Amino acid sequence: MKFGKQIQKRQLEVPEYAASFVNYKALKKLIKKLSATPILPPQTDLRRAPGEPLDTQSALQANKATFFFQIDRELDKVNACYVQKEAELKIRLKTLLDKKKALRSRSGGTSRRSTKFTTLQEGFQQFVNDLNKLQQFVEINGTAFSKILKKWDKTAKSKTKELYLSRVVEKRPAFNPTVISELSDQATTSLQELGAWADGDNVSFETRPDHDHVVSTQHLLGTDEGDADTLLLDTVLSGNIDSLKDMLDRMKATAAPDGSADVSLAERVTRTFLASINEGSLEALKVLLDTGLVDIQSWDDINERNCLHQAAIYGNSFVLEYGLSKGVDAERTDAYGRVPLHYASMHGRLDMIDALLNASPKTINLIDHDNFTPLVHSIVRNHLECVGRLLERSARIDPVSDTDHVPLNLACQHGSVAIVELLLKHGAKILADAEGLYPQHLVARSGQTPEILVLLKQYGADLDQIDKLYGWTPLVHAASEGNVPCLQALLETGADPNILDEKDLPAMYYAAWEGHLECMKLLTPAKKEKAASELPPIHIGGALPPMASSTAPMPMSLDAIDPIPALELPPPIIPLRRYGHNFLDTKTVVQISFEEDSEQPLLFFQDGKYPAARLTISSKSSDLIPKNIILPFQEDTRVASFQIDNLESFTLDFEVFPTYGAKVIAKTVALPNIFRALLSSSGKCCLPLFDPRLRAIGQISFHVQIIKPFSGTPLEITDFETYWKATSQFDTNTSTFVTGSSLSGDFVQIYVQHTKDGVPVLWPRWTINCGGIDVPVSTLTLAQFQTVTAAARNRINLSELSTYTLDQIADVHRILANIGITLHEALFLLPKGMHVNIQVLYPTADEKAEAKSSTAADDVNEFADAILSVVFDHARAQRAERPDSVRSVVFSSYNPTLCTALNWKQPNFPVFLCNDMGREDRKQQQQGSCSKGDGDEDMGGTTAASRREAADERTLQSDGRRTSSIKDVVRTATSNNLMGLICCSRLLDMVPALVDAIKSHGLALVVDKSGEPEAANSKDSGDKQLGISGALGGLAGSDPFPKLPKGVDGLLKSNGVLRFNEYIDV
């Protein structure tokens, strides 16, 4: 989100601070104005001829004092607001702490039904919320100062940001986090103590004793007073009218002659009346009122609610009518800035809305501390009748300022068709909210009721409207969020799927990036209507823009590159070569990932009671840095990785803290046996969260992946060269692109999986036909597997395989794909100098569960070690035989866990993660490839020639293919230093912009055309193919490997040949 929109959204969320935010937009305009129209001539240019214009940098330097004068005033405004709010919060906290101490002074336990307990607990929770708002105000303004100073430095070519922040901004009280942290800790401690006292545990979580004199601001002057309050409330709630009258009579009889007891009694009865509005019977409330001791005008001194607030919250019509008849103020606001009408609208009290508006009509448009009017409260809680009544009473339907909520937008966001239609009938305008989103964007993003889109169009909404946030249309929002019904409704109403956003990306790009297959299917026919274009070139770098004219001043864009170079060294012209990657020598990697499966990763049993905002993951190991994760989890914070020395003694502590503070809310620990007991070195774990009193108050769930170092003897780095890749980064703000690598030439693809006893064997499918029954390969031992495949091996003289030339690499692939031998045998049978791409088939957890098979060899570490041992032994043997030549090896797999393990265990060979997203009719192709006649029938007497002829007519498809979002595979590849990705050519043809997106993360890209028959790429095929398909087409009668499109590093063909570009150092 753009920072300017972010500030506007935050102003909407905390309206009481809105006027004190940094005027970020005005400061940006000021920089632009000062750079274009200088006020003062620079002192260094006194001999400049009159009328001669100034260049941008000189103009800004001349007006430096003007800019920083304005910055200082903005800083004063922010700091003054903070100092005032901090003082108010300190006073509130002292009052709450005094009340808590007085509450604790009772000899009996504190009941949850106690009047003061409930209001005091609510008071502390409200204090925490207000404290969080203050800290958010400080954070967003601190970011604003940092960003605007960065823009100034960039435009003026100066270095003032860090100096000004450290010497001016950070010296102000507003940017000292210590005070807010201490206040947060005190409030969190008090909430924990209140909960303990209510359960009968007289404990204290104070870090130090406090011997200060307790000054109570409430009328609980002693134990007897507190007990009397509780006893009277219990009697009222019991509904025993006779006992209640008798108790009140006895209380009146004890009145002192001077009348002091009458005042105390009246306050006690008033407190009891307010507390019993919720559950007290009508008769009991009347008894209290008949005593004449109830001060009907009073309000609670913590939440500041009077009887009208309480009646509206709990739906007590009798109290509301009685209070209004006695002249109780209907305009009084409570601690949340709400009047009784807010609560009546919030809870759908239609009759109360009429009564309150008759008593005070001007409250209809009052806003509370959440910037909600009564109408907005009714909308977000879907109270249709209340919305209608408020509109009849002329409630404001459109915002009056940028900091107001837009009722129509909120109704669209919450998916109420009836309320949206009602608002539109009353003339609601189609407006953008503080984020720059129109109603149609919110409907498409939330995806609840696509019918609203049709309704909005009937009232004049443009369904191709571009928002002011990202430049997205509603169609892009629906595609990005995977909202299929909304996407379908938009397409049916004629929305244009080819509109590009501000990054020149279509809706299809975001659907593919997020992995929404159904959305991609809907967008594909619409995309075909527009002629495809050639793959756009990838701009890895480029020439400097033309020098700006110095003869005339011009307004300068803040984001433009200045023509005058800074006094810094230029970036290197030669791309940086990176040899190999980080790998495990003796350490073990433990990866913790928090994925949202069926439930939230971190869950409290009483939602809203514990204001958790920060998770800290730490270990007792001194060399491990704790991981701090801001909640809720974001895409870039869902994975935490630790490298440890010993898994046997490894523990992880999970601690949950409030937003700003160091007081632990909840804690748990993962013991070593949890990690040791994981099947296949991976699994899911769920741990209880305990509060300081060791009560389970929630749970935390996460996936664990353990990667151990290679158990065998690795290849020596000094004897065996690692692969390398060259990357270019032309400035610090651009992404890193792979411009070349040591991978070149042709690689034969072989499919490897494991047997029951953990031996890597060659077979492209999970099952093998044995006597008409498909048996999983992983359930067979090596001896059993060799018995089943013996007939196929007997048909071919395997010794002749080593005599094949490099031009026969496709024949080698076909032979090895259905011959059923071990990986060890295959590597020694391959012709000298023929490189190999080892495609590893390893089932995911879902595939294992579906196959109902689990063997000892399923452990990813054992299987990866078995493969690497074979490859390493072959490399050593080949080096001993021919020191000048070593076979190049590439690993690839659709399983991200296996790719991660293979990459962490060695630095010598690159690893590619495959993704099958975008392949057309993938399941049908797999079924066809596994049917009779595709390889299993070769166990009979079919000749090698007939098998080769049949293979020419069909495309061999392996099992284990997996579809993932581009976002997920890119994140996995970059976080684990993989070489790159292998993606389906059809996907890249539909969304060419994905090439740029993948390459910008420093990943190599291979186009996978293995799912397409050879005939589909011939010149004789019916339709001319464009984009990647066109660039890779023309196979009949021409070079089967034409020059790859720019940005593509390799091509995987259906004949099992992987070809990389010849390396050119750019």
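Each residue, glycine too, has its Cβ placed from N, Cα and C.
According to Swiss-Prot, the feature domain 'SPX' maps to 1-166. Per Swiss-Prot, the feature repeat 'ANK 5' maps to 435-465. The feature repeat 'ANK 6' is assigned by Swiss-Prot to 470-499. The repeat 'ANK 7' annotation in Swiss-Prot covers 503-532. Feature annotation from Swiss-Prot assigns domain 'GP-PDE' to 717-1048.
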The repeat 'ANK 6' (470-499): DSSP-derived helix, strand, coil residue counts
17 helix, 0 strand, 13 coil
Take the repeat 'ANK 5' (435-465) and find every residue of the same chain, 6 or more past its ends, with a Cβ under 8 Å from one of its Cβ atoms.
1, 5, 8-9, 406, 408-409, 412-417, 420-421, 424, 472-475, 477-478, 480-483, 485-490, 493-496, 499
DSSP composition of the repeat 'ANK 5' (435-465), residue counts helix/strand/coil, works out to 16 helix, 0 strand, 15 coil
I'm checking region-level scores; what's the whole-number mean pLDDT for the domain 'GP-PDE' (717-1048)?
78
